[in-house]
Structure formats: C-alpha cells, structure tokens
Amino acid sequence: MRKNGAVPADSLTARLSTHQSLLLGSLLFGLFFGAGNLIFPISMGLTAGSSVLPATLGFLVAAVGLPILGVVASALAGTVSLHELASRVAPWFGVLFTCALYLTIGPFFAIPRTATVSYEMAFGGTLSDGAGRWALAGFTAVFIAVALAAAIRPGKLLDYVGKWLTPVFLVLLGLLLVVARLGSGSAAPAAQGPYATHALSQGVLDGYNTMDALASLAFAIVVIEAVRRLGVTQPRRIAIEVGRAGVLAAVAMCVIYAALAILGSRSTHVVARDANGAVALSRVASESFGGIGHLLAALIMGVACLKTCIGLLTACAEMFRTMFPGSLSQRGWATVFAVVSFAVANVGLDTIIKAAVPVLVLLYPLAIGIIVLGLLDPWVRHRPWAYRLTMLGAGVVSLLFLLATQAGVPAGVASAASAAGGVLPGFELGFGWILPALIGLVAGMALPRR
C-alpha cells in the first residue's frame, strides 16, 4: 500500500507523480526565493534603465541557471552532501569549504539578511534610532524564533514551504506585479554606471548577490532527502526528479525576476534610482495600492524571507550534524545558528550586505567550479587532480581579484594583484578565474587516474 502518495521505497523504477513534482518544485522555489531575490532585481532595474533586458539575462544566468545546476549536480554526483563532494579535492578542503559556504549562506550573512530585510520593509525609516534598535532586536528575535520552531522539524519542511508558504507568497507577489505593471506608464531612462557599457556581465555579478548558487549546494541535501521521503531512492532517478522540479522552479524564478527588473526600470518616477530594493518595492506597492501598499509589500517580503530562513536553518543544522557526528543534534545546531543569526542581524542590513561582498568574490568561483565538476561526475569522479587543479585555478585568481578591487587593500598589494591578474581575459569584470579553472580541469583530466 502507498502511504501519503509515496511509492514503495525498494522500487528501482519509483518516480514522482505530477502532483509530487509540482510540490517539490514549489519547495525548491521557496527555498531559493528569499530576501535578496526580491530586492536585487528591482534595484538592478532602477539603475539599468533601458539596458534592463541584457542586465536581466545576465542576472538569470547567475541567479537561476547556476542554482538549479547546483542542485542537479549534487544529485548526479551521487553524493549525500556538499562535504562529500568537496572532499574529492582533499579532505581538509571539504571541511574548510563546506564550513565557509554554510556559514556564509547561514548565520553570518544570509539568515540575518532575511530577518533584517523583513524588518526594514515593515518598520524601516518610521522609528528613531534609539527606538529602532530595540524594535530591530525584538523583531529579529521573534522572526528567527518562528523559523527555528519550523527548522527543528525537518520532516515537515515540504509541508511548511512547498504546500503553504510558497503558494501564499506567489499569490501576494503576483497581485502586486500585475497591478503595478498595469499602472506603470513611465518609460525606462538611460542606463547608469556599468550597465551603460557592459550590462550583461554586470547582471551576472548582480546575480551573485542572491547567494543562490552557494545555497544550491547547501539545499541539495534537503531536496534530495525530500525526494527520498517521497519514495524515490535510486540515484539516477533522484537526479531526474530533482531536474524536473528544477525546471519548474527555474521557470517561476525567471518570470518573477524579469517582472521585478522591468518594474524597477519603469519606476524611476516613484523612487530614486539609487534606492535599495526594499525601499523601491515598498514605494511601488504604495503607489499601486495606496495606504495598504506598504502592508502588502511587508507581507510579501516577510513570507519570502521566512520560508528561506527556515530552509537555511534546516540545511545548516543538518550539514553540521552529519559533518561533526557526536557533537550536537540537529536541534542543537539549529539553535546555535539561530542565536548567532540574531546577533549578526542586529548590526543592520547595510553592514551585512557590504561585509558579504568580499566573501562572495572568493566563494562563488569555487562554488561554480564544484557545480561544473558535479555535472561532469562520470568523467572526473576518479580523477582527483581534475578537482584540485580546477579549484586551484579558480581560487588563486579570485583572491587576486579581491585584492585588486576591494577597498582597504594597500595600494601596492592592489596594484600587484591587478597586474598579475590583468593578463587574463575578463579579469577586470570579475571573470578572470574561468580560463585558469578550465586549464586546471583539462590538465587534471590528462593526469593518470588514482
């Protein structure tokens, strides 16, 4: 007998029904689409103006294509976690990279951002500095506590996010986008800044800010476990089902990202072009719905951030439990990460976003390299030097780019890093790591199998 629609776990031909695939796609979309996914595309649209289409295309590559490929790559590689996949480089690298990635998309940056963005949308600019600090502390405490209550029940994640929160979010956001688009009569102004000269590549860099390519490697363990709970256990079939759900999630994300970016490009009559995305979304909602617009925007942001926060807490706690057996339980790790996230959230949204940039510059190329290697698993699984040299090429050049571009780096060091990396194509745009990584991959493939 089937239970709750699941097929027998011992069947090698088990597959998900259409309803289950839709539910899994809803879960995947819900995990990815959080705070940054709302604020970055509309902010990009404001600045990109008439160049919004190429900018959006670049954004979709980094914010949709890479995350979906990340989840599929983990499933294709047959690994149960990022730690296992990254350990193919070296055991120490597996621990170091996994900790760095999970802490980045967890308690150090992404989880606090979900809480602070929700607060800024609801109360930002309405309270004095003193009252605002206390209000931020109270709001983030309640927000993270609610997420923690759900995260310590990982078996219910499909219900919490896939069945309930994601549909509510889509209805609210769809209502805003339709009404705002119908009421928008402003033409997109000329592009500003880097969008005027290289909108496509700048869109890719903007897509990095969502952190979704990093999150995909973390969420893979959650999504794959959800497929197993539905009765599919054969590795190849798991990869297929994850891919089907990924297509559904990708379509939804593409449509919403494009709509938000275009809305931003046509809303310069409502909001300043240098405004952050949270402010822009709130003002567009108020313009379209009057007095209740701000409330609608706050609800949209709150639901989006809550479901992502639940997913991140769940994924981080599960990963650290399995990576460090005998330390803390899943609930224990979730509680620790919730407390750290609360502390970080109270430094403020702007500080969190600025502090995340150099970390993303270092981690993203490595994460993309891991994703590509996972997709090439049948050819590189037994070639450890393919992993090692790919990561070496990506990592060294990413460090050079960071030293060459980040404020606060001594002028001599920045100049030397710029000169060293400047010989590589695309270095000045942040893509100089691609060629060394490809050379490392080819060289590693040429070396003997282990």
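The backbone N, Cα and C atoms fix where each Cβ goes, glycine too.
Feature annotations, reproduced from TrEMBL:
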- 21-40: transmembrane segment (TRANSMEM)
- 52-77: transmembrane segment (TRANSMEM)
- 89-111: transmembrane segment (TRANSMEM)
- 131-152: transmembrane segment (TRANSMEM)
- 164-183: transmembrane segment (TRANSMEM)
- 213-230: transmembrane segment (TRANSMEM)
- 242-263: transmembrane segment (TRANSMEM)
- 295-320: transmembrane segment (TRANSMEM)
- 332-349: transmembrane segment (TRANSMEM)
- 355-376: transmembrane segment (TRANSMEM)
- 388-409: transmembrane segment (TRANSMEM)
- 429-447: transmembrane segment (TRANSMEM)
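Segment contact holds for the transmembrane segment (52-77) and the transmembrane segment (213-230), given three or more CB pairs below 8 angstroms at sequence separation of 6 or more. Between the transmembrane segment (131-152) and the transmembrane segment (295-320) there are at least 3 Cβ pairs closer than 8 Å, counting only pairs 6 or more residues apart in sequence, which means the two stretches are in contact. Touching of the transmembrane segment (355-376) and the transmembrane segment (164-183) is ruled out by the presence of fewer than three CB pairs under 8 A, sequence neighbours closer than 6 excluded. Just going by CB pairs under 8 A, the stretch in 89-111, 164-183, 242-263, 295-320, 429-447 that sits most against the transmembrane segment (213-230) is 295-320. Counting Cβ pairs closer than 8 Å to the transmembrane segment (388-409), the top stretch among 89-111, 164-183, 242-263, 295-320, 429-447 is 429-447.
For the transmembrane segment (295-320), the list of distant contacts is 30-35, 37-38, 81-83, 98, 102-103, 105-107, 110-111, 114-115, 117-118, 121-122, 143-144, 146-148, 150-152, 154, 157, 160-161, 165-166, 168-169, 172-173, 175-176, 215, 218-219, 221-222, 278, 281-282, 284-286, 289, 327-328, 330-334, 337-338, 341: same-chain residues at least six beyond its ends, Cβ to Cβ under 8 Å.
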